[in-house]
Amino acid sequence: MSTIISGTIQEERALIRNTIRNARNTLSKSEQKDAEAALCINFFQHIKLPKSAHIALYLSNDGELDTNQLIQNLIDKNHHVYLPIIHPFNGTTLLFQRYEKNSPMIANRYAILEPKLNCSHICPLYSLDYLFTPLVAFDEFGNRLGMGGGYYDKTLANYHKTGATKPVIVGLAHDCQKVHQLPIAAWDVPLKHILTPSKLYTW
């Protein structure tokens with residue numbers, strides 16, 4: 001299957017990406033804090049976690065919906081939280097490593113903090129109960145537009161091919177990141193769930 005995207009679709013995606021990134025970056029500090037608090041409320045209302053669940057999240061960047069309070073709440077409730085690490089060998093996929101409040105952190109190539117690699121703390125993808133992904137934009141059909149690096153797409157490629165049901169994959173976003181319809185390629189796989197501060201979308 002060709003993975004070349006037509007110039008028109010690339011241009012449309014770039015325009016949407018820039019527009020939505022600007023929108024979320026113009027949110028005030030109080031709006032971000034309100035969204036962070038609302039996310040926590042909505043999360044625990046809608047996401048049914050098993051006891052001591054294994055949950056992959058991420059540290060927010062570039063105006064993304066802040067996950068810090070949610071991460072701390074999950075740890076306080078004795079759930080196991082994992083954060084993504086760029087794979088040290090292939091550099092194109094992600095590993096998910098256990099994160100605790102005292103975990104040593106380092107900056108990756110994008111100046112985003114990630115846990116310092118410790119192979120004994122890596123959780124295999126299929127051992128996770130939930131995987132929450134960042135996104136730049138989403139549409140009314142569950143399509144997701146990321147930053148363009150393809151890290152989550154490559155990491156989840158086999159997951160989608162096998163039809164696995166674990167982990168449950170959920171996108172996280174501000175409400176302002178929703179658009180009517182995204183330009184998509186034939187190989188794009190829509191998300192089944194997206195959680196915002198105000199709503200859980202399920203398709």
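Here the Cβ of each residue, glycine as well, is placed from N, Cα and C on the backbone.
Look at TrEMBL and you will find Arg13, Ala14, Leu15, Ile16, Arg17, Arg144, Leu145, Gly146, Met147, Gly148, Gly149, Gly150, Tyr151, Tyr152 tagged as ATP binding site. Over all protein chains present, the Cβ of Gly149 (ATP binding site) has 11 other Cβ atoms lying within 10 Å.
Using a 10 Å Cβ-Cβ cutoff, Glu64 (substrate binding site) registers 21 neighbours. The substrate binding site annotation in TrEMBL covers Leu59, Glu64.
Under DSSP, Leu145 (ATP binding site) is assigned to a strand (E or B) in the three-state scheme. For the recorded site, Leu59 (substrate binding site), the DSSP three-state label reads coil.
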